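Q: Take a look at what Swiss-Prot says about it:
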type	residues	note
REGION	1-32	region 'Disordered'
COMPBIAS	1-10	compositional bias 'Basic and acidic residues'
COMPBIAS	21-30	compositional bias 'Polar residues'
CARBOHYD	70	N-linked glycosylation site
CARBOHYD	93	N-linked glycosylation site
TRANSMEM	100-120	transmembrane segment
TRANSMEM	139-159	transmembrane segment
TRANSMEM	174-194	transmembrane segment
TRANSMEM	197-217	transmembrane segment
TRANSMEM	224-244	transmembrane segment
TRANSMEM	256-276	transmembrane segment
MOTIF	258-269	motif 'Peroxisomal targeting signal'
TRANSMEM	332-352	transmembrane segment
TRANSMEM	370-390	transmembrane segment
TRANSMEM	411-431	transmembrane segment
TRANSMEM	436-456	transmembrane segment
TRANSMEM	471-493	transmembrane segment
TRANSMEM	505-525	transmembrane segment
């Protein structure tokens, strides 16, 4: 059948227009706001699909849609299944307490994943001594895990749109739990490397899906605080990992760095598998349509994803290749991704730099060195607490632009937070002499913690607002290049500090961070012009088509 035009859809005659309301909008124009594209099956349907089905509630639970049959040539009315008004099965209508519980479970899961990525940095020497390997081989164990972070989303993001979020959470976390065990009992470095790669791929799923899960649960005007809670988790985890790992390494040995991962990952798997229901609206409505077809003996009950007749190969091409198209053809995606890669790489460099400064320079133990990550974590928490205020400021800007602010307004937090990174690095660099007080480098970490969350959130929001219907692919591109670079930095950080010295190595990073400060300013002033010539950026013409 032909792809229906969005202006062909109309409501059931028994359902007056005023009986329809959007579940994630405060208006009656039936068009999704940018954040909603994380909650819509954009890559699962063709460009002519009508997305109202997923963002409206109707009195009868259906929207009548006329579609011309490719077989008979006649126009037939199909019943597009929707949620009913105040539908208890709509995740956005769940009680606020339960939505917060689900939010904290997925945020805790992200914390565990981030914790697992960094906890082993507390004792790189353990496997070296036991297996008789070089230091670079031991660092590869960290690297392959982060590489997995970049590879996994290419598979798990499309999988979640096809089968739902809950099965992907359950399957991948179970896989991650299983492959932590061989790490803890490994007899050689090969086992560690292979199993850590598998764990990295498996653990990437929660990081990939949580943004969509929160979009499933919360209306756009409610997402500010939940998103702040989530955004802090992936950065607090890496800060807490070396702290806990240091004490375990000093008192229990390096294998306990994996046993603690097993314990936390198992708890996260149990909580998210058995207490958090499916939240993805297209899957929920698809199951409802299947039940209605059977109960009513009427094949006309359907959903947009079921109407899409494109072969799976074409969908996979979009899933797998579109992120790279955006990365190499879109300057906005490329430079924002490079900037976030610098920030992410810096975070993993710190896992190596802190032991160099505190253990090598000051002669501290691993456990005491881990304490120096606390200011970094405090900076992250402080920044996350600022997120609601940043969101309120953006809402005021949005009102000033009649509800349609340019995407570049998302860069305002980045334009001042970007200076925190080089400032923190300069402080870290020139207070890292062995005879100076330990507080200096720690305060540098605090400044970096403050900047990193605001940069991360601002970058994500800018990409989502700029590409909207391509948002998932843009974020996947950013995640891929960010993870690959973060993995590489671990391998050369020690050599860089050895050859340049502690102060000048950190200063080099500070100058790189300083150069990156130009990126948000360039896009703030020139981004609109760049978007005008973009093949993929969202345009007003597309918005009018959606709202028609």
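The backbone N, Cα and C atoms fix where each Cβ goes, and this holds for glycine too.
Note that this is a predicted model, so its numbers are computed, not measured.
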Q: Suppose I define contact as three or more CB-CB distances under 8 A, residues 6 or more apart in sequence; do the transmembrane segment (174-194) and the transmembrane segment (139-159) meet it?
A: yes
Q: In terms of Cβ proximity under 8 Å, which residues at least six beyond the ends of the motif 'Peroxisomal targeting signal' (258-269) contact it?
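A: The answer is 105, 108-109, 112, 115-116, 119-120, 170, 173-174, 176-177, 180-181, 183-184, 203, 206, 244-245, 248.
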Q: Can you work out the mean pLDDT of the predicted model over the motif 'Peroxisomal targeting signal' (258-269)?
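A: Over the motif 'Peroxisomal targeting signal' (258-269), the predicted model scores a mean pLDDT of 96.
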Q: Do the transmembrane segment (505-525) and the transmembrane segment (224-244) share at least 3 Cβ pairs under 8 Å, sequence separation 6 or more?
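A: Contact criterion not met.
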Q: Could you pull out which residues elsewhere in the chain have a CB under 8 Å from any CB of the transmembrane segment (411-431), counting only those six or more residues past its ends?
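A: Contacts of the transmembrane segment (411-431) (Cβ under 8 Å, skipping residues fewer than 6 from its ends): 343, 346, 353, 383, 390, 393-394, 397, 437, 439-441, 443-448, 450-452, 454-455, 457-459, 462, 502-507, 509-511, 513-514, 516-517, 519-521, 523-524, 527.
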Q: Please indicate, using numbers and ranges, the residues of the same chain that are 6 or more beyond the transmembrane segment (224-244) and have a C-beta under 8 Å from a C-beta there.
A: 99-100, 103-104, 106-108, 110-119, 121-122, 207, 210-211, 214, 217-218, 260, 347-348, 351, 354, 369-371, 373-374, 376-377, 380-381, 383-385, 387-388, 391-392, 449, 452-453, 456-457
Q: When you scan the chain for residues with a C-beta under 8 Å from the transmembrane segment (139-159), skipping those not six or more beyond its ends, what do you find?
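A: Sequence-remote neighbours of the transmembrane segment (139-159) are 43, 116-117, 120-121, 124, 127, 168, 172, 189, 192-193, 196-205, 207-209, 315-316, 319-320, 323, 348, 351-352, 472, 476, 479-484, 486-488, 490-491, 494.
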Q: Around the Cβ of residue 93 (N-linked glycosylation site), how many other Cβ atoms lie within 10 Å? Please give the count over every shown protein chain.
A: 16
Q: Should anything in the same chain at least six residues away from the transmembrane segment (436-456) have a Cβ under 8 Å from its Cβ atoms, list it; otherwise answer none.
A: 231-232, 235, 239, 339-340, 343, 346-347, 350, 354, 357-358, 362, 372-384, 386-387, 390, 413-414, 417-421, 423-430
